[in-house]
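Here is the structure we will look at.
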Amino acid sequence: MIDEISSAATTQNMIDEISSAATTTTVRHHQQDVSLYDDEGRPKQTGTMWMTSSYIITAVIGSGTLSLAWSIAQLGWSGGLVVMIFGLLTLYTSHFLADCYRGGDPITGKRSYTYMEAVDNILGGKNSIFCGIIQYANLYGTSIGYTIAAAISMMAITKTNCIHSSHGKKTCHISGNRYIIWFGAIQLVFSQIPNFHKMRWLSILASVMSFTYSLIGLALGIAQVSENRAFKGTIAGAEAETHAKKVWAIFQALGNIAFAYSFSDILIEIQDTIKSPLKVRAMKRAINLSIATTTTFYVLCGCIGYGAFGNSTPGNLLTAFDKPFWLVDIANLTLLIQLAGAYQVYSQPLFAFIEERATKKWEILGKEHKVQIPFLSSYNLNIFRLVWRSLYVVVSTLIAMLIPFFNDILGVIGALGFWPLSIYFPVEMHIKQKKIPKWSGSWILLQSLSMFCLLVTLAALIGSIVGVLLDLKTYKPFSASL
């Protein structure tokens with residue numbers, strides 16, 4: 001998600017130019033270049049605390065925001081407090097991650113440029129393998145969730161326009177399969193664009209789109225509360241057919257909230273953009289500001305959405321509105337645009353991981369064929385990349401058609417990533433970095449926190465899986481609708 005300042009090729013060209021110059025010029029240029037590169041030969045970064053805060057806020061605020069009102073509806077008015085607790089836990093462990101940018105010595109220790117590198121450098125062994133499995137499973141699950149969310153947005157636009165054109169006389173039942181297929185077709189094309197997720201304009205566009213639909217959802221919620229002239233909702237939250245279903249819904253809501261805070265695995269990449277030597281201090285300040293901002297925004301969106309619709313709050317808040325239709329359409333369109341890019345942001349790292357390892361084992365898989373595209377520059381076609389990425393998109397699209405349950409899928413993804421990525425690894429790396437003695441007071445408190453969050457994660461995972469199974473009892477495969 002974070003663009004590098006320059007490519008390795010550019011760096012090499014600069015080095016070649018220096019080596020070919022005269023001796024005196026070489027010394028002068030070398031002295032200048034030293035100021036441009038860090039101690040590991042990479043271009044020095046220029047990010048500030050404010051820039052870092054904006055990166056984090058952009059990473060956090062996404063489609064998970066739209067499920068928070070439903071989550072609070074399952075928990076009742078205490079749900080706002082639960083959201084704040086998740087925010088505090090994320091804040092606490094994110095500070096641990098900030099200290100893990102360098103392994104060992106905080107000044108001279110080996111840098112980690114990704115979350116997995118930090119785990120490997122500090123913990124090593126099977127921890128890095130476990131981290132990789134969780135990370136990439138989380139990335140794949142997110143692509144399925146985004147496919148479902150995008151289809152819901154397209155269905156919502158069609159339904160809103162249908163209701164408006166009929167002057168409210170029609171209920172307008174919309175089938176979703178074609179929209180899921182359309183989104184999959186878009187991703188088939190995008191997935192063949194190398195490093196699509198590193199395009200600078202994509203991050204800017206995603207940021208603008210995220211804030212647009214989130215703010216529109218918040219504004220529409222406030223307008224609905226004003227129209228109702230009262231806050232709906234109860235202390236206990238939405239009722240269920242049985243006590244067991246109520247418990248599962250509460251657990252699933254925890255998974256949805258966890259998904260909304262699932263950004264720990266990119267914090268180290270963001271920290272790498274900060275200029276030295278203030279990386280750790282600036283990162284911690286940025287974490288404080290960004291998590292305080294997003295948590296406040298989450299509580300507002302969740303509570304106002306619940307206050308507007310009470311116990312009947314839908315899983316995706318935007319689907320609750322049908323007027324003014326043009327504003328609802330804008331919100332859903334911006335969500336769709338953001339999801340189209342976000343799908344690749346989450347998928348391309350997995351593409352690269354598989355392709356790198358496959359070509360190392362079988363070199364022939366890396367062979368490329370230059371193809372001339374009319375009116376465009378030539379394209380380097382790789383058969384393995386074409387087949388593997390297409391298969392990835394097709395399978396994720398089929399799964400989305402089989403189980404198009406927005407909140408259930410978000411709950412599963414959030415639960416899978418919350419404990420290992422946001423709690424377990426940060427806590428274990430902190431213990432190793434600070435050399436906290438086993439069975440000391442600090443060690444016991446940290447392990448107790450980790451165990452408590454593991455229980456929450458297991459509850460959220462079970463609740464979300466049960467939600468999928470319950471929905472499958474009444475759902476006919478390949479018949480998504482709104």
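Placed from the backbone N, Cα and C atoms, the Cβ positions cover glycine too.
Please treat TrEMBL annotations as automatic predictions, because they have not gone through curation.
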Ranges 142-162, 289-309: which does TrEMBL label transmembrane segment?
-> 289-309
For the transmembrane segment (79-101), which partner among 52-73, 201-223, 386-403, 448-470 gives the most CB pairs under 8 Å?
-> 52-73
Maximum Cβ pairs under 8 Å to the transmembrane segment (325-346) among 201-223, 289-309, 386-403, 409-427, 448-470 is reached by 201-223
Stretch among 52-73, 386-403, 409-427, 448-470 sharing the most Cβ pairs under 8 Å with the transmembrane segment (289-309) | 52-73
Against which stretches of its own chain does the transmembrane segment (52-73) lie, if we need a Cβ under 8 Å and a gap of at least six residues from its ends?
-> 1-2, 79-80, 83, 145-146, 149, 203, 206-207, 210-211, 213-214, 217, 221, 233, 237-238, 253-254, 256-257, 259-263, 266-267, 270-271, 273-274, 282-283, 286-287, 289-291, 293-294, 297-298, 301-306, 308-318, 335, 338-339, 342, 406-407, 410, 414
Which of 201-223, 386-403, 448-470 shares the most C-beta pairs under 8 angstroms with the transmembrane segment (409-427)?
-> 448-470
Remote residues contacting the transmembrane segment (448-470) - C-beta distance under 8 A, at least 6 residues beyond either end | 89, 245, 247-255, 258, 403, 405, 407-412, 414-416, 418-419, 422-424, 427-428
